[in-house]
Amino acid sequence: MTSNRAKLFVAAALYALSVHVFAQREPTPLVDQQHCMFCHTDDAPFLAPSFQQIAERYRNVPGAAPMLEHKLRMGGRAHWGDMAMPSAGERGGPLSAEDAHTLVQWVLNH
Ligand code: HEC
């Protein structure tokens, strides 16, 4: 029979693992290919708002994710500052809807 202590240990380990995986999982090849870190950082505004600022602004906004996915693919008008987000083509090549989704989920999880 499994002891409660063992069950608790397994549950805690799984929880820690899932938190780690979801918090850290950066879609690195996409991020590199699209040069995200050329203008953005995780936590300090640089040429562009930081991913933490972006996550804070949109995390609880309904419909924000599809809007951002569209923007990642097509570019958009500036509204944080004077500089607009360039389109995917200008950043390093076309971006599929699926990849845009992955990137936006990653940004919003900051
Ligand atoms: C050439 C510089 C540059 C690159 C490369 C770049 N960004 Fe941006 N990004 C910006 C700027 C500037 C803004 C602010 C635009 C604005 O005012 O709406 C921005 C805004 C954003 C926003 C918020 C858009 C909004 O409407 O609030 C997201 C999300 C984002 N970037 C994600 C990414 C991701 C993911 C990548 C890589 C795929 C990336 N960016 C690459 C410059 C860049």
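Cβ coordinates come from backbone N, Cα and C, glycine included.
Annotation comment: TrEMBL describes CYS36, HIS40, MET85 as heme c binding site. According to TrEMBL, the domain 'Cytochrome c' annotation covers 13-110. Feature annotation from TrEMBL assigns signal peptide to 1-23.
Shown here: features listed in TrEMBL, placed on the structure.
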residue : record              : CB count, 10 Å
CYS36   : heme c binding site : 21
HIS40   : heme c binding site : 21
MET85   : heme c binding site : 21
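The average pLDDT the prediction assigns to the domain 'Cytochrome c' (13-110) is 89.
Taking the centroid of the Cβ atoms of CYS36, HIS40, MET85 as the heme c site, the other same-chain residues with Cβ within 8 Å of it are GLN34, HIS35, MET37, PHE38, CYS39, ALA48, PHE51.
According to DSSP, the secondary structure content of the domain 'Cytochrome c' (13-110) in residues is 57 helix, 0 strand, 41 coil.
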